[in-house]
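Inspection log for the structure reproduced underneath, given as C-alpha cells.
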Amino acid sequence: LGARLGCNTAALCSLAELGLYTKAKSILSSLLKVPLMFGFLYLFVCSLDVLSSAFQLAGGKVAGDIFKDNAILSNPVAGLVVGILVTVLVQSSSTSTSIIVSMVASGLLDVSSAIPITMGSNIGTSVTNTIVALMQAGDRDDFKRAFAGATVHDCFNWLSVLVLLPLEVASGYLHRVTKIAVATLNIRSGQDAPSLLKVITEPFTCLIIQLDKSVITGIAMGDESLSNRSLIKVWCELPAQQGNGAGTDPLVPCPGHHLFVDSSLPDLAIGLMLLAGSLVVLCTCLIMLVKLLNSVLKGQAAKAIQKVINTDLPFPFGWVTGYFAILVGAAMTFVMQSSSVFTSAITPLIGLGVISIERAYPLTLGSNIGTTTTAILDALASPGDKLASAFQIALCHFFFNISGILLWYPLPCTRLPIHMAKELGECTAKYRWFAVLYLIVCFLLLPSLVFGISMAGWEVLVGVGTPFLGLLTCVAMVNVLQRRKPSHLPKWLQTWDLLPSWLHSLQPMDRLITQATLCCVNRCSGNLDEPSEASPQIKIRDTMTSSERQVSATGSFHTIAA
C-alpha cells in the first residue's frame with residue numbers, strides 16, 4: 001500500500017510539474033509574440049516607405065512632367081485627374097501636395113487651379129491601404145471586412161469630390177473662405193512637424209535607398225536641367241571641421257551610404273526591383289502580423305479589446321465617441337506624417353474584426369485631416385512674398401476635408417461611405433477578382449477616361465457626364481427602393497430581370513474569368529505533362545462503352561460536388 005501511495009504521489013507530482021511547465025511555456029510564448037508583432041510592424045512600415053520610394057523612382061519624373069503643363073491644370077476636371085494619377089504614381093499625398101505648394105509659392109500655379117489637384121491627391125492616397133487589403137484575400141470573411149475598411153476611405157473621397165468640385169467651380173467657396181482665413185491670421189514662418197515615424201524608420205530605410213525628392217519638384221517647376229538627373233541621392237552634406245571656432249560650419253559633400261549609391265542601373269530598373277522586394281516584404285509581414293494577432297487576440301482578450309475600441313461613451317456622451325476617434329486619427333497621422341501608413345496599419349485590424357468599420361470610418365476621417373499638416377508646414381517655409389498664396393492652398397486641403405466630414409459624418413443617415421464600403425466588401429468576398437478590377441478601374445481607367453473627355457472641352461464633358469451621372473443616380477434610387485419599398489415601384493421595375501444578366505450581375509463575368517483561368521491552367525499543365533503515348537487511363541477510357549462513360553462521368557461529378 002505504501003509503495004502504491006508513493007507511486008501515486010510521484011505521478012501526481014510529475015503531472016503538477018508538467019502542468020507548470022506547460023503554463024510557463026504558454027506564458028513565455030505569449031510574451032515573445034509581443035516583440036515579434038512590433039518587429040513585423042516595424043518591417044511593415046519600412047516596406048511601405050520603400051514602396052513609396054519605388055513608385056517615385058518608377059514614375060516620379062512622369063509625375064513631374066504632368067505637373068509641368070499649366071494649360072492642362074487650368075481645367076478643373078483635368079486638375080482633379082492629375083492629382084489622382086500623380087499621387088498614385090508617387091504613393092504619397094504628402095509628396096504631391098508639397099509639390100503643389102512649391103508651385104504655388106513659386107508663382108507657377110495659381111490657387112484656384114491648384115484646388116482641384118489637392119482634391120485629386122486625397123483620392124489617390126487611398127490606393128495604398130486598398131492594396132494592403134488584398135493581402136487578406138485568403139479568408140473570405142477577413143477579406144470582406146478588410147476591403148470594406150479600406151474602401152470606406154475611397155468612397156468618402158469620391159463622394160466629397162462629386163459634391164465639392166462642382167460647388168467650387170460654381171462658387172469658389174474654398175478659395176473665398178481660405179482667402180479670408182489667411183487675411184485674418186498673422187502668418188509667420190514655421191518649423192517642421194515632429195515626425196516620429198521617420199526618426200524610427202529612416203535608420204533602416206536609408207540603408208536601402210535615399211531619394212532626392214527636389215528633382216520631382218524641380219521638373220514640375222520647369223527646370224529642364226533635372227530631366228536627365230537621377231532621383232537616387234549619391235552625395236550627402238556634412239558640416240566641415242571648424243577652423244578657428246568662429247562662424248557657421250560650411251557644408252561639404254560626402255558619399256552617401258545606401259544599397260544603390262554606386263549603381264549604374266537606371267531609376268526605372270531600381271524602382272521595379274524595390275517595388276518587387278517591398279511587396280514581398282509587405283505581404284510576408286502582413287501575413288505574419290495577421291497570424292500573430294489571431295493567436296494573441298483570441299478568447300476573452302479579443303472580446304475585451306473589441307469592446308474597448310468599438311464601444312461608445314456612456315449616455316449622454318455617446319455622440320462624442322466618433323469625434324474623439326477623428327481627433328485620435330488626426331493626432332496619429334500628424335505624428336507619423338503619413339495617412340497611408342496609418343490607414344494601412346489599421347486595415348489588418350479591421351479584417352480581423354478588432355476594429356469595426358463604424359469605428360474605422362472616423363479614424364480615417366481624422367487621418368485625412370492629419371495629413372494636411374504636412375502641406376501647411378511646407379507652406380510656412382515659403383518665401384515671404386509667396387507665403388500667403390502657399391498657405392492658402394494648404395488651407396484649401398484642410399477645409400476640403402473638413403467640408404467632407406460635415407457632409408458625410410454628423411448625421412447617421414448621411415454616412416453613405418460606410419454602406420457603400422460594406423457593399424464593396426460583400427462583392428469582393430463573393431468575387432475576389434473584383435478587388436483587382438476595382439483598383440484598375442477607379443485609380444487608372446476611370447481617371448484616364450475622364451481626363452481624355454475633359455481635354456475635348458467643356459461641352460463634350462458636360463454632354464457625356466450629365467447623362468451618365470443622371471443614369472447612375474436613377475439606378476441608385478431604384479436599387480434603394482427595390483430593397484426597402486418595392487411596392488412603390490412598377491412591377492416590371494421591382495427586379496432587374498428585364499435586363500440581360502451581364503447588366504445587373506457579375507456572374508457572367510465570373511464564369512468567363514473562371515473558364516479563362518481553367519483554360520490557362522489546363523494548357524500549362526498539358527504542356528508540362530504531355531505524354532509521348534497514351535496513358536493507361538486514356539487507353540481504358542477508349543475501351544469503355546458510352547453507358548460506362550456516362551456512369552463514370554456521373555460518379556466523378558458527384559465526387560467533385562461532395
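Cβ atoms are placed via backbone N, Cα and C, with glycine included.
Whatever TrEMBL says is automated annotation, not expert-curated.
Note that the coordinates shown come from a computational prediction; the quantities given were computed from them, not determined experimentally.
Residues annotated as transmembrane segment in TrEMBL: 36-59, 71-90, 268-293, 313-335, 390-411, 431-454, 460-481.
Against the transmembrane segment (71-90), the recorded stretches 268-293, 313-335, 390-411, 431-454, 460-481 differ in Cβ pairs under 8 Å, and the greatest number is found for 431-454. Segment contact is absent for the transmembrane segment (268-293) and the transmembrane segment (313-335), given fewer than three CB pairs below 8 angstroms at sequence separation of 6 or more. Within the chain, the transmembrane segment (390-411) has long-range Cβ neighbours (under 8 A, six or more residues past its boundaries) at 97, 100-102, 104-105, 111, 114-115, 118-119, 121-122, 156-157, 159-160, 163-164, 174-175, 177-179, 181-182, 187, 322, 326, 361-362, 365, 368-369, 372, 375-376, 378-380, 382, 417.
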